[in-house]
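J.: Sharing the record's features from TrEMBL:
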- B:89-282: domain 'ABC transmembrane type-1' (DOMAIN)
- B:1-23: region 'Disordered' (REGION)
- B:27-51: transmembrane segment (TRANSMEM)
- B:88-114: transmembrane segment (TRANSMEM)
- B:126-148: transmembrane segment (TRANSMEM)
- B:160-180: transmembrane segment (TRANSMEM)
- B:214-235: transmembrane segment (TRANSMEM)
- B:255-282: transmembrane segment (TRANSMEM)
Amino acid sequence: MTATHDVAPGAGPKRSGTRRRRPLTFDRVSFMVVFLGLPLAIFVIFVISPFVQALYYSLTDWSGFSSGMNFVGFDNYVKLFHDDIFLRAVRNNVELAIVVPLVTIVLSLTLATLVTVGGSGTGTVRGLRNSGFYRIVSFFPYVIPAIVIGLIWAQVFTPGSGILDAVLSKIGLSGFANYAWLGDARTAMPASMFVMIWGGVGFYMVLFIAAIRGIDPEVFEAARIDGAGRFRTAIFLTIPLIRDNVQTAYIYLGIAALDAFVYMQALNPGGGPQNTTLVMPQQLFTTAFTKGQFGYSTAMGVILAAVTMLFALLVFLVNRLTGGSDRKVKVRR
Amino acid sequence: MTTTAGEADVVVRPRASGKRDGEGKGVATTAHIALILWSLLVILPLVWTLLSSFKSTQEILGNPLSLPSKLRFGNYANAWTTAGIGQYFLNTVIVVGSALVLVMVLGAMCAYVLARFQFFGNRVIYYSMLGGLTFPVFLAIVPLFFVLKNFGLLNTLPGLIITYVAFALPFTVFFLHSFFKALPGEVYEAAQIDGAGEWRSFFSVMLPMARPGMASVAIFNFLGLWNQFLLPVALNTNSNNYVLSQGMASFASQAGYAVDFGALFAAVVITVAPVLVVYIFFQRQLQVSVTAGGVK
């Protein structure tokens, strides 16, 4: 300790003058090369360069394995807007991006509210007793790979051997005795949405519980003393206070819904009855790796990226327009 | 207890007091019922999967609700060897393990430099990493295929590992950046004065201080990589190199014809059980980490 003090004055002025411009020793040069250069090289080669290349390929008629490729401008995009199957996929994705985040957030917010302020007693606002169990169980799906979630539910939905039809006919709904949930155009999409929601609720419930616990309990006390019921408290107090978390959740869920590749591959690899569950990524994947139309498929990738950005922008905008960021300032600790 | 609280309420707001007591209990009961229903919805499919993994294919097709007539552990043997789940499991452990170690080391190094050194281009690099986080992987997947092909890494485990690292890097850097930024500068200065070089300052002084952050990102990354599906399916089509998630998908699509449903359910259990068991033991730590990672 004393030794450092002795050296400090000598080292002091050198440092303060040109703080970061130190002599180039082997130690420092090798340090920068390895610490910054190596990760950056990997990032540029495997992430940035493919993204940039995609923009270019989307303007060509490249079929992949042949070396020939013509620059065709925006032809691919024009073609995409007349491609009924792709447009169907876009529509399905948009449906997913509206329904899945909405239902998942409402459900997980409800469950989170029940856990945090659903406790009995009239004094202090209390969490539900033994709620740890619910939290642990609800979180299960998050540690199960999405593909496996999809496979489990595909089995549950299977007519004949699936548990869903068996349970339904057991309780007297014999009309469902051999109903193909994923094979019927009317139910394929809702059933798929359900699976995605099942996979997401626990995670967001845990996030929201953490957010609600972060609110000053006195705020709830005050609301209670003023006579606000639990429902009113949840709608007018909790949600405005954690709206930033809700916004983040909405964006994450929306992006996941615009992807949905894993779930749909597990539930209906072929795109479902009459393409009712086909999503953009699936169509992109087939177009590229089965049909070998690489130029055309990268154009789909660009559209997918654009829709994703647009979605995020929209969520930000709505949150801002409805009076987002200025309310939280007051009560955050 | 409740009566006194009720009386306290009377003082503040007489009208609300009467129904409060009953309402409190009622709400708690309703809350429990709702949460139990949801828990059942989560658990039942998993329990059914577990039970089915011990049944024969005839039993599964015949009566989905019945209990297995006897515990057929043969399903697990079939899944492990015949269906190749054992090989896929091994591949996954190799790929996810290596990628995790690499991305943690490289990510920490990169985040450290970006957070604590000022140099030309620092901000540009940081924001391009953020950008890499927001674009969908699907945009990159086709060119990525050819990048790997040109390096001779297509359909190889190292190729998969390095791609995993590259795509997990932005989040890791983004998360650890704030951690390194928050570390006190005095400790670094002291290390320098004591004669430690940059390498030593990082590995012996700064990195150990960032341990809580490292643990959170490591857990987050582990689940993300374990869950990865698109990258292996597109970049790793050699069935000897399949990872678990893609092996499961291919097994399930084959099972549609070859039909060894017992083995299919056993494969699901093999995939899910290890992580689920670890989760039950470390659930608190995991939920804290994931919350920290998810809110960012």
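Cβ atoms are placed via backbone N, Cα and C, with glycine included.
Tell me about the surroundings of these features in the structure.
T.: Taking Cβ pairs closer than 8 Å, the transmembrane segment (B:27-51) reaches residues 64, 67-68, 265, 268-269, 272 in its own chain, all 6 or more past its ends.
Within its own chain, the transmembrane segment (B:88-114) is flanked in space by residues 122, 125-126, 157, 160-162, 164-165, 168-169, 172-177, 179-180, 202, 206-207, 210, 214, 217-218, 221-222, 225-226, 241-248, 270, which lie at least six positions past its ends and keep a Cβ under 8 Å from the stretch.
Listed by sequence, the residues of this chain that lie at least six past the ends of the transmembrane segment (B:160-180) yet keep a Cβ under 8 A from its Cβ atoms are 95-96, 98-99, 102-104, 106-108, 110-112, 114-116, 126, 129-130, 132-133, 137, 144, 148, 153, 206, 210, 212-214, 216-217, 220-221, 224-225, 228, 231-232, 235-236, 241, 243, 293, 296.
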J.: Is the transmembrane segment (B:214-235) packed against any residues at least 6 beyond its ends, judged by a Cβ distance under 8 Å, and which are they?
T.: 92, 95-96, 99-100, 103-104, 107-108, 137-138, 141, 144-145, 148, 154-155, 159-160, 163-164, 167-168, 171-172, 175-176, 207, 242-246, 249, 275, 285-286, 288-290, 292-293
